[in-house]
Amino acid sequence: MSEGSANPAQAQQRPWVSPRQQPVKGIVQPRVLPPFGKPTRHTNKLDYIMTTVLKEAAKHKHVWPFQEPVDAQTLMIPLYHERITRPMDLKTIESRLKSTYYTCAQECIDDIETVFQNCYTFNWKEDDVTIMAQNVHEVIKQSLEQAPREEHDMDVYWGKNKKKTAKEPIETVLKKESRGPSEAPSDSATEPMGKPERKVAGKKTGKRKVDSDEDEKPEQLRAKHKKFCEIDNSVYGTAYRERQRKRWALLYMARDLKKMRDESISAIMKPAHKLLTEFFSKKYAEFAWVFYDPVDAEGFGLHDYRKIIKEPMDLKTIRSKMDTGVYKEPSEFEHDIRLMLKNCFLYNPVGDPVYMFGTKFQEVFDKRWADIKDAHSRASSVAPQSVPVSLPTTTPKLPKSEDVSQINNALNMIEAFETKLRGRLDAACILKQQLLCAKTKRENSPNEPFPNRLITETRIMCTAPSLQNVRILTNKHRDRRSKRTTHNANSENKENIKN
């Protein structure tokens with residue numbers, strides 16, 4: 001029985017059992033160092049769990065929810081630590097094994113069982129995380145079946161308690177070799193004390209011989225050089241040079257691949273590439289991790305996923321298309337992001353954690369994408385004025401008169417079309433304001449006459465191919481017409497009076 005499942009009676013017998021801890025920012029980190037008085041040891045079964053069971057479990061694709069302590073604040077599950085009194089995770093178990101926390105293998109196995117029992121207790125049977133826990137739990141059970149039957153103590157072979165085995169004789173030999181010349185019997189030990197001058201002179205002569213090669217013959221110098229080359233080839237020989245050549249070849253290849261990737265991303269796609277890179281960073285990993293990989297429908301038991309989602313999409317697929325230059329326009333990148341979010345909202349119900357992550361992702365993307373569009377529009381409007389124009393040194397050839405006339409005709413056509421569109425847009429804005437005013441009047445006073453004229457003009461505008469058949473009478477136009485009518489009536493009255 002591990003401390004994660006110990007009852008009060010056992011806690012009194014074992015005072016080292018961890019008390020219940022309060023979460024800090026939504027996380028409870030169980031202690032990994034053995035408390036004072038707790039007996040600990042390292043056995044062959046504990047070593048098997050650390051080196052084999054946990055290593056094999058870490059390779060499973062569904063193990064990631066159980067590798068770290070549960071962050072109730074990030075996952076927005078505030079009731080987790082009220083229902084789960086003894087949180088546990090695989091990383092904590094591995095740290096306990098490395099610090100020789102356990103007394104026997106059964107304590108470690110109990111902690112492993114606590115990890116999955118907490119998951120089964122808090123989540124429903126149909127939840128994805130429950131299915132993932134069952135898959136990883138089964139892998140660990142199969143690994144534990146191959147564990148040693150008999151348990152016996154082992155020496156710790158890591159950390160501060162690591163025992164020195166093969167290095168000590170080598171270091172001892174090196175020290176003896178380094179001390180050899182100084183500890184060798186010198187001439188002074190056998191010669192009388194009265195002859196120190198010959199000894200000093202001999203040392204000086206030997207030092208000069210070592211530092212200078214002036215007294216050596218050319219044959220001796222060639223032999224010394226040949227010996228040095230042999231030593232150099234033994235240390236930095238053909239194998240070393242081959243390794244260096246391969247290393248530099250890999251570096252050049254990586255540089256060329258990076259250059260090709262940068263060239264495949266056009267200048268207009270740089271902001272989108274930067275935004276995609278940020279979604280893979282820790283800044284947005286809190287909610288973006290759900291969309292990193294393709295949905296594993298078989299692993300999660302989502303048998304209807306392929307029927308509902310016809311075009312799956314994920315961030316790694318988008319990044320692959322970005323790096324290989326598939327996207328030519330930012331709109332293509334935006335389309336795939338929208339498709340990914342649409343699939344999320346279509347399959348997951350409202351209130352589901354994945355749905356909430358998708359909502360948060362959409363809010364961030366909409367804001368950042370709007371900023372990118374604004375920056376692009378400002379750059380496109382300022383760039384023609386800020387870029388200096390260098391005049392050519394040679395006089396360019398003048399185009400033909402026919403080409404110039406065709407260009408002028410095209411410019412006139414596009415200007416006329418632009419004017420037509422602007423007029424139609426202005427007319428639509430005026431008509432929209434009139435309809436809003438009519439709606440407000442009808443809501444406040446039901447006796448207000450129905451705006452049949454505005455309805456008719458709206459239908460004509462929305463169905464007419466051009467503005468030639470559309471005539472919109474605004475309030476301003478009606479005021480002008482009424483003024484003209486009044487002015488004409490007054491002038492006629494004055495003429496009648498004169499007559």
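Every residue, even glycine, has its Cβ placed from backbone N, Cα and C.
According to TrEMBL, the compositional bias 'Polar residues' annotation covers 1-21.
If you look up TrEMBL, you'll see 168-180 marked as compositional bias 'Basic and acidic residues'.
Residues annotated as compositional bias 'Basic residues' in TrEMBL: 477-486.
Each residue in the domain 'Bromo' (58-130) has a pLDDT score, and their mean in this model is 90. Per TrEMBL, the feature domain 'Bromo' maps to 58-130 (among others).
TrEMBL lists 283-355 (among others) with the feature domain 'Bromo'.
According to TrEMBL, the region 'Disordered' annotation covers 1-22 (among others).
Feature annotation from TrEMBL assigns region 'Disordered' to 168-221 (among others).
Residues or ranges marked as region 'Disordered' by TrEMBL: 477-499 (among others).
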Work out, from DSSP, the number of helix, strand and coil residues along the domain 'Bromo' (58-130).
-> 38 helix, 0 strand, 35 coil
Just give the helix, strand and coil counts over the domain 'Bromo' (283-355), going by DSSP.
-> 45 helix, 0 strand, 28 coil
